[in-house]
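Asks: If you scroll down you'll find the structure; I have some questions about it.
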Amino acid sequence: MTEKANGVKSSPANNHNHHAPPAIKASGKDDHRASSRPQSAAADDTSSELQQLAEMDAPQQRRGGFRRIARLVGVLREWAYRNFREEEPRPDSFLERFRGPELHTVTTQQGDGKGDKDGEGKGTKKKFELFVLDPAGDWYYRWLFLIALPVLYNWCLLVARACFSDLQKGYYIVWLVLDYVSDVVYIADLFIRLRTGFLEQGLLVKDTKKLRDNYIHTMQFKLDVASIIPTDLIYFAVGIHNPEVRFNRLLHFARMFEFFDRTETRTSYPNIFRISNLILYILIIIHWNACIYYAISKSIGFGVDTWVYPNITDPEYGYLSREYIYCLYWSTLTLTTIGETPPPVKDEEYLFVIFDFLIGVLIFATIVGNVGSMISNMNATRAEFQAKIDAVKHYMQFRKVSKEMEAKVIRWFDYLWTNKKSVDEREVLKNLPAKLRAEIAINVHLSTLKKVRIFQDCEAGLLVELVLKLRPQVFSPGDYICRKGDIGKEMYIIKEGKLAVVADDGVTQYALLSAGSCFGEISILNIKGSKMGNRRTANIRSLGYSDLFCLSKDDLMEAVTEYPDAKRVLEERGREILMKEGLLDENEVAASMEVDVQEKLEQLETNMDTLYTRFARLLAEYTGAQQKLKQRITVLETKMKQNNEDDSLSDGMNSPEPPAEKP
């Protein structure tokens, strides 16, 4: 009723605000309120402000056109500023209790430490900071993908065009377009690198001078500058069909490797990507080797011996596709050390083949090592899971378990593997810090925790402790989760599957529990006065395979040890639930409260007696210590007096006698 009343009262104000002129600057509270609006409100604001624009423009129809246009531009600029600035999504209040206030992007104050003297300078600096790319962000990754394309194009086609003249001359218009498009991307990448932030003391640096200095003093900057030197001007001297003058474009290779590294960390299938990446590297090496073989054959002379490429005057070997495929075939046979190629004849041919064989051995070793390790990593999870199954099978055979039970266990393992539920979450997340583990657990179990009634008013710290203690469990068809009369030591939350509340015969069904339901939460609290006591009141059985989250009583008690207030809130919440359901014996509660008061009084008396005994012992120790100190002081005073008397006596004996007077 309060929320509805508040909504009714606030609606006129909201309607009034729609007719108010848009403000260019707002106070801090207004900015905060605007930033916390949901994004769905943007459409309403847009339509209302455009309607306002039309209403403001209507009375001006008969006035001058220039004035109407100026007013229109001003309102549009204000509308664009308010609607296109960054807005944060509305946070989940339940989630915020776990996570605390979110850290917004913190801009470091760089340079000489002096701020801008006027607001215009600050606005300009903030506008420039919008173009600083976060190297861990999505836009930077998309740019890496874009820059990797021209790099890969140059590494694959530039050398092929330099070696195969037919490829260069037949499509030189296409190559010119692609070359200069890649040059534009290279130049743009140089400016992007100047606007790419980096972390300093954990914060993203956005100062322009620092970004520029950080990039310029690296080796990569020198390579990037060398890769955009306009060597194409040499075309005027040697001709347009000499693409080898653009070999400096190959120096931009680091961006392609960076894209591959980031993709490997982002992809959900890193092993497959590593294999694909390895195959790409091998294909590029074979491609380059084929081009070099063709270039050597051209320099020696086509068909002069059996090792070089056959004479291109032969129609069978005189067209482009056959030239490239033949060279690629020769390169593949050589680098894979298969052989079966014509032996070299000249010394330079021998040297090239020896070099190829060495490269081939390295490639073969790399392939065997990398592919072997990748396959081992891909099968590591399966091998570990299979080892568990084998151990269980061996145990069941040793203990002569029945075939039906053995088949049931095997089906349970099959269900875990088929539905990807064989991962031990605690083992996987143990390498993460506690904060990240809590964040992941909250994101995974948030919707589940919201359905538990007793956790609605708990402290955020306790909820974080509890969410880390939830353990997933999988039950097979027909398994009993709990039986009537059992002592309740766990509470369960159903993630997937269906459970039935059945009679003692196990057949008659009283109720059906589905995903999102929870049970057993009251029994683990040990609430005094509960008519259920600490025992289960129903039989709950799994109809199929069911995924449940379990929270044990020991884990709950361990968590609430450090949160006594939260424990009291949990017990009060549990009493309210029991009272609503008529399961709380108020007389027993009152009696237990009286017993608690009596126990507290007895405990207080015991504590008072203990304190009195300790005080008396301390007083006796103090009195004894005081007497000892007095005795020591008396002894010291006596010794001091005796020393003073001895000193005065010795001074009298050592003093000279006065001389006798003469008569």
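Glycine too: its Cβ is placed from the backbone N, Cα and C atoms.
Pulled the feature table from Swiss-Prot, pasting it below:
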- G520, S523, R536, T537: 3',5'-cyclic GMP binding site (BINDING)
- R536, T537: 3',5'-cyclic AMP binding site (BINDING)
- 12-23: compositional bias 'Low complexity' (COMPBIAS)
- 337-340: region 'Selectivity filter' (REGION)
- 380-456: region 'C-linker' (REGION)
- 460-580: region 'Cyclic nucleotide-binding domain' (REGION)
- F364: site 'Central gate' (SITE)
- V368: site 'Central gate' (SITE)
- 1-144: topological domain 'Cytoplasmic' (TOPO_DOM)
- 167-176: topological domain 'Extracellular' (TOPO_DOM)
- 198-222: topological domain 'Cytoplasmic' (TOPO_DOM)
- 242-246: topological domain 'Extracellular' (TOPO_DOM)
- 266-272: topological domain 'Cytoplasmic' (TOPO_DOM)
- 297-319: topological domain 'Extracellular' (TOPO_DOM)
- 380-663: topological domain 'Cytoplasmic' (TOPO_DOM)
- 145-166: transmembrane segment (TRANSMEM)
- 177-197: transmembrane segment (TRANSMEM)
- 223-241: transmembrane segment (TRANSMEM)
- 247-265: transmembrane segment (TRANSMEM)
- 273-296: transmembrane segment (TRANSMEM)
- 320-354: transmembrane segment (TRANSMEM)
- 355-379: transmembrane segment (TRANSMEM)
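So that I understand the layout, could you describe where these features sit and how close they are to other parts?
Replies: Residue density at R536 (3',5'-cyclic GMP binding site): 20 other Cβ atoms are found within 10 A of its Cβ, drawing on all protein chains shown. R536 (3',5'-cyclic GMP binding site) carries neither a helix nor a strand DSSP state and counts as coil.
Sorting the region 'Selectivity filter' (337-340) by DSSP state (H, G, I as helix; E, B as strand; all else coil) yields 0 helix, 0 strand, 4 coil.
Looking just at the region 'C-linker' (380-456), the mean pLDDT is 83.
Counting every protein chain shown, the Cβ of F364 (site 'Central gate') has 13 other Cβ atoms within 10 Å.
There are 10 other Cβ atoms within 10 Å of the Cβ belonging to V368 (site 'Central gate').
Here the topological domain 'Extracellular' (167-176) has long-range neighbours at 157, 160-161, 240-241, 243, 320, 324, meaning same-chain residues at least 6 beyond its ends whose C-beta is under 8 angstroms from one of its own.
Tertiary neighbourhood of the topological domain 'Extracellular' (242-246): same-chain residues 154, 158, 161-162, 168, 175, 179, 231-232, 234-235, selected by CB-CB distance under 8 Å and a gap of 6+ residues from either end.
Counting residues per DSSP class in helix, strand and coil order gives 4 helix, 0 strand, 3 coil for the topological domain 'Cytoplasmic' (266-272).
Counting residue by residue with DSSP, the topological domain 'Extracellular' (297-319) contains 7 helix, 0 strand, 16 coil.
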Asks: With Cβ-Cβ distances below 8 Å as the criterion, list the same-chain residues six or more beyond the ends of the transmembrane segment (177-197) that contact it, or say none.
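Replies: Result: 131-135, 140, 143, 146-147, 149-150, 153-154, 157, 204-206, 211-212, 215, 220-221, 224-225, 227-228, 232, 243, 246, 249, 252, 255.
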Asks: I need to check the long-range neighbours of the transmembrane segment (355-379): which residues 6 or more away from its ends have a CB within less than 8 Å of a CB in the stretch?
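Replies: Counting only partners 6 or more residues beyond its ends, the transmembrane segment (355-379) has Cβ contacts under 8 Å with 271, 274-275, 278, 282, 285, 289, 331, 334-337.
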Asks: Reduced to three states, what secondary structure does DSSP give F364 (site 'Central gate')?
Replies: helix
Asks: For F364 (site 'Central gate'), identify the closest of the binding-site residues G520, S523, R536, T537, judging by Cα separation.
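Replies: Closest candidate to F364 (site 'Central gate'), judged by Cα separation, is G520.
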Asks: Write down the Cα-Cα distance for V368 (site 'Central gate') and T537 (3',5'-cyclic GMP binding site), rounded and given in Å.
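Replies: That comes out at 62 Å between the alpha carbons.
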Asks: Radius 10 Å, atoms counted are CB only; among the binding-site residues S523, T537, which position scores highest?
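Replies: Top count of Cβ atoms within 10 Å goes to S523.
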